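Asker: My questions will all concern the structure given below.
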Amino acid sequence: MIRILGEGKGSKLLENLKEKLEEIVKKEIGDVHVNVILVSEDEIKELNQQFRGQDLPTDVLTFPLMEEDVYGEIYVCPLIVEENAREFNNTFEKELLEVVIHGILHLAGYDHEFEDRNSKEMFEKQKKYVEEVWGEWRSNPSEDSDPGKR
């Protein structure tokens, strides 16, 4: 199960994609609870400094908790996601989907920073899942698919 916490840009989109994201979690990790938390630039910068020693904001941070009620948390900064989308010539929606799937794969044990051996597999899976979910969502958007509401 996925809980979307925090409000603002991207929250409605994630709610609309929740079922598909839950399928990925179940396939990669199992029947666990994951929180996706939307945070400000200041909040993610503070977390990045505290846990990674990097004094700058980032788009996504993943924390495996492996507790009974919550397996892990994925912190996402919509503002940085939006900046990255512009930089990579991507839409905000697709970039948001990419970072959440990226976080799910980190919770599943994939690592691209310290383990080259599963980096390639991680990014291949990420691309596959993004294309599957994005393609399905684009061909069947919900009533709340107005970008201004996402």
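Just so it is clear, glycine is given a Cβ too, placed from its N, Cα and C backbone atoms.
Taken from Swiss-Prot, the feature Zn(2+) binding site applies to HIS102, HIS106, HIS112.
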Asker: Which entry in the list of binding-site residues, HIS102, HIS106, HIS112, has its Cβ near the fewest other Cβ atoms, using 10 Å as the limit?
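Answerer: HIS112, out of the binding-site residues HIS102, HIS106, HIS112, has the fewest neighbouring Cβ atoms within 10 Å.
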Asker: With the Zn(2+) site defined by HIS102, HIS106, HIS112, which remaining residues of that chain have Cβ atoms positioned within 8 Å of the Cβ centroid?
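Answerer: So the additional residues around the site are THR62, GLY103, LEU105, TYR110, ASP111, MET122, GLN126.
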